[in-house]
Amino acid sequence: MLHESAEPASHFMTKEQLQAIPNLGCFCMCVTAGLLESSMRLKPHEAQSYRKKALWVSWISIVVTLILAVAAFTVSFMRHSASAFGFAFDATLDVLSSVIVLWRYSNAAAVHSAHREYIACVVLGIVFVLSSLCILGKAIHDLATRVPPEVDDFLFSVSIVSGLTCAVLAVAKFMLGRVLTSRALITDGFNSLVGAIMGFSILISAEVFKHHTDVWFLDGTIGVLIGLIILAYGVKLLKDMVPRVRQTRNYERFE
């Protein structure tokens with residue numbers, strides 16, 4: 001029989017007891033470092049629902065941008081357009097970035113995995129840097145050799161379809177990336193946004209050249225600017241994510 005004056009056992013540790021546990025701070029950091037913010041806001045079924053939506057958007061993006069890349073490469077070589085070449089390369093980059101996002105969310109158990117997220121971002125950063133160098137090389141070559149773009153209905157059609165399609169994909173990726181707190185998805189969305197800008201820039205530079213042939217350099221200049229933007233984003237992504245991969249490397253194990 002228990003004594004009536006006995007104090008009930010506490011379900012909580014005192015401050016002194018917590019401090020007495022060795023490496024508690026390190027333990028807490030290990031637990032939180034491997035999780036994204038979405039893990040604290042989304043219920044399990046909500047997280048899985050958004051994960052599936054991210055996979056669907058990625059598959060749609062791969063199919064659509066692959067078609068656009070082929071069309072843009074065709075326009076680039078037939079019409080000597082640096083902007084079209086830049087868009088074609090950006091569309092190819094969009095395909096690769098969407099494949100990386102597919103890998104990122106292929107594991108249902110790793111929907112909140114920060115380590116998996118950071119690895120995807122590092123790969124995206126590398127792809128961005130390499131692609132930007134190709135875009136810059138093509139645009140600078142066209143400027144140096146004074147290659148003017150040729151204008152026709154096919155060029156207009158590709159630019160309009162590309163701009164509108166990539167804009168829609170960018171919005172969808174940004175929305176999902178915000179909900180899932182996914183830098184990889186947001187980066188993929190940024191790439192689609194760049195694709196939309198480049199798609200419309202083809203239309204703008206071609207229209208300007210049509211009425212003002214002395215502004216032949218606008219197309220190549222836009223290609224250089226886009227290449228520099230992608231390069232800067234890729235470098236920033238690597239600078240931010242490489243240290244985080246190292247920090248979370250020992251905190252998570254995933255398939």
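Including glycine, each Cβ sits where the backbone N, Cα and C put it.
Because TrEMBL annotations are produced automatically, they should be read as predictions rather than curated entries.
The transmembrane segment annotation in TrEMBL covers 20-36 (among others).
Here TrEMBL flags 56-78 (among others) as transmembrane segment.
Summarising the annotation, TrEMBL assigns domain 'Cation efflux protein transmembrane' to 59-242.
Note on the transmembrane segment (84-106): residues 51, 54-55, 58-59, 61-62, 65-66, 68-69, 72-73, 75-77, 116-117, 120, 123-124, 127-128, 131, 134-135, 138-139, 149, 155, 158-159, 162, 166, 169, 182, 184-185, 187-188, 191-192, 194-195, 198-199, 201-202, 222-223, 226-227, 230 of its chain, located 6 or more positions outside it, place their CB under 8 angstroms from a CB of the stretch. For 84-106 (among others), the entry in TrEMBL reads transmembrane segment.
Look at TrEMBL and you will find 118-139 (among others) tagged as transmembrane segment. Same-chain residues lying 6 or more positions outside the transmembrane segment (118-139) and placing a CB less than 8 Å from one of its CB atoms are 82, 85-86, 89-90, 92-93, 96-97, 100-101, 103-104, 183-184, 187-188, 191, 220-224, 226-228, 230-231, 233-235, 237-238, 240-242, 244-245, 248.
Marked as transmembrane segment by TrEMBL: 154-176 (among others). If one looks beyond the transmembrane segment (154-176) by at least 6 residues along the same chain, the residues whose Cβ comes under 8 Å of a Cβ in the stretch are 50, 53-54, 57, 60-61, 64-65, 68, 71-72, 75, 79, 81, 84, 87, 91, 94, 182, 185-186, 188-190, 192-193, 195-203, 206.
Residues of the same chain lying 6 or more positions beyond the ends of the transmembrane segment (188-209) and with a Cβ under 8 Å from any Cβ of it are 58, 61, 65, 68, 75, 81, 83-84, 86-87, 90-91, 93-94, 97-98, 100-101, 124, 128, 148-149, 151, 155-156, 158-167, 169-174, 177, 215-216, 218-219, 222, 226, 229-230, 233. According to TrEMBL, the transmembrane segment annotation covers 188-209 (among others).
Annotation comment: TrEMBL describes 215-235 (among others) as transmembrane segment.
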